[in-house]
Amino acid sequence: MADRILVHRLAVFARHGVLPEEERLGQRFYISLECRLDLAPAGRSDDVAATVSYADLAEIALDIATNRRFALIEALAEAIAETCLARFPRIETIAVRIDKPSAPIPAVLDYAAIEIVRGRSDSVATTETR
């Protein structure tokens, strides 16, 4: 599927990280989502009910990132991907990228980041029903 809905660099302040200082002080993270799904029905109908709202995607990412705490940004990304796949059946695959510009690394860098790609066959809900 070539069609995509993108949410790029949603800024959140949160307390994720392995170190106690990361939990205590918190830091900024940037979350990007790329959802692959068929956008033709929405394009033809001009009806938001025929697509996935990028506002809803951003709200899910923001809610999970600010109301839950994870030691690893990999776990944060998994939680976002699982929730989006469970909530929106139209999404075929989702890529979640977490940028951590203030990662506690003794080097000069723009950011550390992870990116995961998950699809329906990877989701926990699908696995449990097999």
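Here the Cβ of each residue, glycine as well, is placed from N, Cα and C on the backbone.
Per Swiss-Prot, the features are as follows:
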BINDING   GLU22, TYR54, ILE73, GLU74  substrate binding site
ACT_SITE  LYS100  active site, proton donor/acceptor
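Here the features listed in Swiss-Prot are placed on the structure.
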residue: GLU22; record: substrate binding site; Cβ contacts under 8 Å, 6 or more apart: ARG15, HIS16, PRO104
residue: TYR54; record: substrate binding site; Cβ contacts under 8 Å, 6 or more apart: ILE5, LEU6, VAL7
residue: ILE73; record: substrate binding site; Cβ contacts under 8 Å, 6 or more apart: HIS16, PHE29, ILE98, LYS100, ILE114
residue: GLU74; record: substrate binding site; Cβ contacts under 8 Å, 6 or more apart: ILE114, ILE116
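Within 10 Å of the C-beta of the residue listed as 'active site, proton donor/acceptor' we count 20 further C-beta atoms, all protein chains included.
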